[in-house]
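Features of the protein shown, as given by TrEMBL:
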DOMAIN    30-304  domain 'Deacetylase sirtuin-type'
BINDING   55-74, 272-274, Cys290  NAD(+) binding site
ACT_SITE  His155  active site, proton acceptor
BINDING   Cys163, Cys166, Cys204, Cys209  Zn(2+) binding site
Amino acid sequence: MIIRQLLRGVFLPPVEFGSRSAVLRALSGMPHPKSDMTEFREVFSKAKHVAIITGAGVSAESGLPTFRAASGHWRKWKTQDLATAQAFSRNPSRVWEFYHYWRELAIRAEPSAAHRAIAECEARLSKQGRSVVIITQNTDELHRRAGSRHVLEIHGNLFRTRCLNCGDVETNHQSPICTALKGKGDPDPSCSDANIPVEDLPRCNQGGCDGLLRPDVIWFGETLDSHVLTKVEKVLDACDLCLLVGTASVVFPAALFAPQVAARGVPVAEFNIRPRAATSSSTYHFQGPCATTLPNALARHETEEI
Ligand SMILES: NC(=O)c1ccc[n+]([C@@H]2O[C@H](COP(=O)([O-])OP(=O)(O)OC[C@H]3O[C@@H](n4cnc5c(N)ncnc54)[C@H](O)[C@@H]3O)[C@@H](O)[C@H]2O)c1
Ligand SMILES: [Zn+2]
C-alpha cells in the first residue's frame, strides 16, 4: 500500500472549491456531493465498520485554532517551519515555546460536541457489534478525553515526550512541562524569543540520562509510525463508511486516506465549514461547524434497537 512509503509534510496545493474542481466535475460528469441528511442517516444505520478521519477543524470549537485560522503562523514563523527536526536542532528553545503554547491551550480545552458525538456513537455501535475507529491528525488528545477508545493518532501526541539521547518515550501532562517555560510561548508576533538555555528545557529523567526531550509528534519530513500506519490501512480496507471531519486534507499521507476508500466505492461523507477542491469526489458534504452537524448525523437512528 502506497501510504506506507510516505513521509509527513508534502502539501497538496490548496485549490479553492469552485475553480478547478468545478471544471473537473463538469468534464468528468462527476455528480455534486449530496447534502441529504436523511439519505446519509440510512447509509450510516447500515454501516458495520465506520472510519472517521479528523483534522484540526474538529477541535476548532474547543478553542484550538486550526493552522489556517491562525494564518498558519506562531509569532512571525510559519507553523510548518517550526514543526521540523531542523528547526528544533537550530533553536530548541523556540520550538519548545511553540509546543508549550499548544500544550497549555490543549490542557485547558474541553472536548466539543463533535468529539462527544463521535465518542457516543462509538460506544453505542460497539454494543451492536459494529465498529468505529477514529484516525486523527490531531495531537491534542481531545478524542480520548471525550471517551473515544479506538483512536489512531497518526501525527503523535502533544502529551508524550521522546528523549533524543536514549529514545525513551513518556506520557507527560505536567503544566508547565518545565519551570523555565512557565509563562512563555505567547504567540503574539511582537513577543521575543525566551532563549531558554538548553539545560533548562525538558530533560530525560531515566536513571542518569538527562538527554534533551522533544515532543513525540511527527514533524514535517518525518516518517509516520509504521505500526500506526498498518492499523490505519486495515481500518481503511475494512470500512464500509468513511467520515472526513474538519480537515483540509492537504498533508500527505492523510490526504490520500479518503480517496483510497472512495476508490473502493465506499461512501465518504465530509463535514467541514467550507467545501474543498476534493469535496467533489465525496458522496456527501455537510457544510457547517461540525459541533452542530455531527451530533445530528451520528445520533441514534430509529432502526437501532440499543
Ligand atoms: N488540534 C490539533 O491537534 C491541531 C490544531 C492545528 C493543527 N494541527 C495539525 O495541523 C495539520 C493540518 O491539518 P488539518 O487539515 O487538520 O488542518 P487545517 O488547519 O489545514 O484545516 C482545518 C480544516 O478544518 C475546517 N474547519 C475549521 N473549523 C471547522 C469547524 N468548526 N467544523 C468543521 N470544519 C472546520 C477548515 O475548513 C479546514 O478545512 C495536521 O497535521 C494537524 O496535526 C493540529
Ligand atoms: Zn533519556
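Every residue gets a Cβ built from N, Cα and C, even glycine.
Of all the binding-site residues listed (Leu64, Cys163, Cys166), Cys166 has the fewest other CB atoms within 10 A of its CB.
In the vicinity of ligand 1, defined as a Cβ distance under 6 Å, none of the binding-site residues Val58, His73, Cys163, Cys166, Cys204 are placed. Only Cys163, Cys209, in sequence order, out of the binding-site residues Glu61, Cys163, Cys209, Ile273 have a CB under 6 Å from ligand 2. Residue density at Gly55 (NAD(+) binding site): 23 other Cβ atoms are found within 10 A of its Cβ, drawing on all protein chains shown.
For the binding-site residues Val58, Cys204, Cys209, Ile273, the ranking by surrounding Cβ atoms (within 10 Å, all protein chains) places Val58 first. Those same-chain residues not listed among Cys163, Cys166, Cys204, Cys209 yet with C-beta within 8 angstroms of the centroid of the Zn(2+) site C-beta atoms are Leu164, Asn165, Gly167, Asp168, Asn205, Gln206, Asp210, Gly211, Leu213.
Candidate recorded positions: His73, His155. Fewest other C-beta atoms within 10 angstroms, His73. Of the recorded residues, Glu61 (NAD(+) binding site) and His155 (active site, proton acceptor) place their C-alpha atoms 20 Å from one another. A 10 Å cutoff on Cβ-Cβ distances gives Phe67 (NAD(+) binding site) a total of 17 other Cβ atoms nearby, all chains included.
A 10 Å cutoff on Cβ-Cβ distances gives Glu61 (NAD(+) binding site) a total of 19 other Cβ atoms nearby, all chains included. His155 (active site, proton acceptor) is 21 Å away from Cys166 (Zn(2+) binding site) when you measure Cα to Cα. Nearest in space to His73 (NAD(+) binding site), taking C-alpha to C-alpha distance over the recorded positions His155, Cys163, Cys204, Cys209, is His155. Cα proximity to Cys204 (Zn(2+) binding site) (within 10 Å) is found for none of the recorded positions Gly55, Val58, Leu64, Phe67, His155, Ile273. When the Cα atoms are compared, Cys163 (Zn(2+) binding site) and Val58 (NAD(+) binding site) turn out to be 30 Å apart.
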